[in-house]
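Chemist: My structure is below; once you've seen it, I'll send some questions.
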């Protein structure tokens, strides 16, 4: 067969497959391009959750997991399952890095400050991991202060009290909640340093916008101010007055992208994104995982990353091919760092472009986000002679997370409008494109149980379609790990033996 060029992977982030209905944004949106693709091109569906992407059964997928599996071309055992298993078999409590952290604090007499996302969403962190870490440290006699980050995004928007109750019921004696802050502030990933500084001031200085007698009061007071869990303003619980010299800090989130900024503020030498004031000298700074090569310079790690050999990008580079990666800020790490198996440096012949995500408080205020700029660069790349292009449209996921159905519909329409230009350019170039998603989200915008907004990912299958493929080709159902082998097959390249995924082409 004639090898198409370019071969393209277009990821519609958070665009799941579901029955038509009043909460299904892709169904309600006017999407003539995608409708035509789904009607006239080979299509199938992919699994994006649970063991098929290296997660525990029933655990919804997410963008980090999705892009890691896509780029690896094999099912990658993810950190959530690894940590869960370690807690279950007891090896977590004997973890070398954790024991060294405890030993350092026993030496200095300092307290351990733990920070984590208090929910069971399992995307960035898990309440059971927090409880296990508290137990390990309290069993060693070290005082514990917990900096609780409320979720409301990977779980229901007003569920924080349930998780705080679970936390306080299971928390080892002698541990106290020091601060309560919504993830909007503590887990930014878009250089909104004004948000991060509010979380920093509460955690490090003990100086929040608000104070409360208890963690429960902090959340109830936030609800009184009409703040949902994600947006709880930094609140200091009475009795906490900041991190002291000789204390230690342990970040329990196991996903890198939304932990990096707050950790830079707390530990990076020469940090200058905002004025932190004098920072207390920490005796130890520990992370559940590796957050970046830069963070490794001043942090230790409980669960270092495992090398993924011969990812899609690495293998394509080894064949002397040129490739291009494209996404706006919110999803840029996913098409670069995560797709390349946790490797930050581009491969030889790998070019990248990142339009900036719009500076709005929440993306329902600008549901088109930077899709027009992504599309313009996408079309330019198709015409530029690359062999492989990987692009991510952030809109369906980022706007889906706001819970605003009308905005999610507009987000889908903005992406479809861009796809129209892309398909035309692809046809002119003689290329082929796989269109799919990394997980579901915007196809379920109303919680079927509560009737309120649904802001989390789903476990729905996602669509996959082949545009401009070889004549007579069909697609079979599969999982995300099958996408890299499919792209390689379209490029006329053998897949490396490490890739255990199977081409979807039939």
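Any Cβ shown, glycine's included, is placed from N, Cα and C.
Keep in mind the model is a prediction, meaning the values are calculated, not measured.
What Swiss-Prot lists as Mn(2+) 2 binding site is 13, 63, 438, 439, and the listing cites sequence analysis. Residues or ranges marked as active site, phosphoserine intermediate by Swiss-Prot: 63. The substrate binding site feature in Swiss-Prot is assigned to 124, 153, 154, 183, 189, 255, 256, 257, 258, 331; the stated evidence is sequence analysis. Feature annotation from Swiss-Prot assigns Mn(2+) 1 binding site to 397, 401, 457; the stated evidence is sequence analysis.
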Chemist: Long-range neighbours only, meaning 6 or more apart in sequence with Cβ under 8 Å: which ones does residue 154 (substrate binding site) have?
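Modeler: Long-range Cβ contacts: 60, 62, 117, 119, 121, 122, 123, 124, 455, 456, 457.
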Chemist: Nearest to residue 438 (Mn(2+) 2 binding site) by Cα, among 189, 258, 397, 401 (binding-site residues)?
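Modeler: Sorting the binding-site residues by distance from residue 438 (Mn(2+) 2 binding site), the top entry is 397.
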Chemist: How many Å separate the Cα atoms of residue 63 (Mn(2+) 2 binding site) and residue 258 (substrate binding site)?
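Modeler: On Cα coordinates alone, these residues lie 12 Å apart.
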Chemist: Of all the binding-site residues given, namely 13, 189, 256, 439, which is spatially nearest to residue 397 (Mn(2+) 1 binding site) at the Cα level?
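Modeler: Among 13, 189, 256, 439, 13.
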Chemist: To the nearest whole angstrom, state the Cα distance for the pair residue 189 (substrate binding site) and residue 401 (Mn(2+) 1 binding site).
Modeler: 15
Chemist: Around residue 401 (Mn(2+) 1 binding site), how many other C-beta atoms are within 10 angstroms of its C-beta?
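Modeler: Around the Cβ of residue 401 (Mn(2+) 1 binding site), 24 other Cβ atoms lie within 10 Å.
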Chemist: Other than 13, 63, 438, 439, which residues of the chain come within 8 Å of the Mn(2+) 2 site, judged by Cβ distance to the Cβ centroid of those residues?
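Modeler: Here the non-site neighbours turn out to be 11, 14, 48, 61, 62, 66, 67, 331, 334, 392, 397, 437, 441, 457.
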Chemist: Quick check: with 397, 401, 457 left out, which same-chain residues have Cβ atoms within 8 Å of the centroid of the Mn(2+) 1 site Cβ atoms?
Modeler: 13, 14, 62, 63, 153, 396, 398, 400, 439, 441, 442, 455, 456
Chemist: Sequence gap of 6 or more, Cβ distance under 8 Å: name the residues on the same chain that satisfy this around residue 258 (substrate binding site), in order along the sequence.
Modeler: 124, 183, 187, 188, 189
Chemist: How many Å separate the Cα atoms of residue 256 (substrate binding site) and residue 439 (Mn(2+) 2 binding site)?
Modeler: 18
Chemist: Quick one, of the binding-site residues 124, 189, 438, 439, 457, which Cβ has the fewest other Cβ within 10 Å?
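Modeler: Result for the binding-site residues 124, 189, 438, 439, 457: minimum number of other Cβ atoms within 10 Å at 189.
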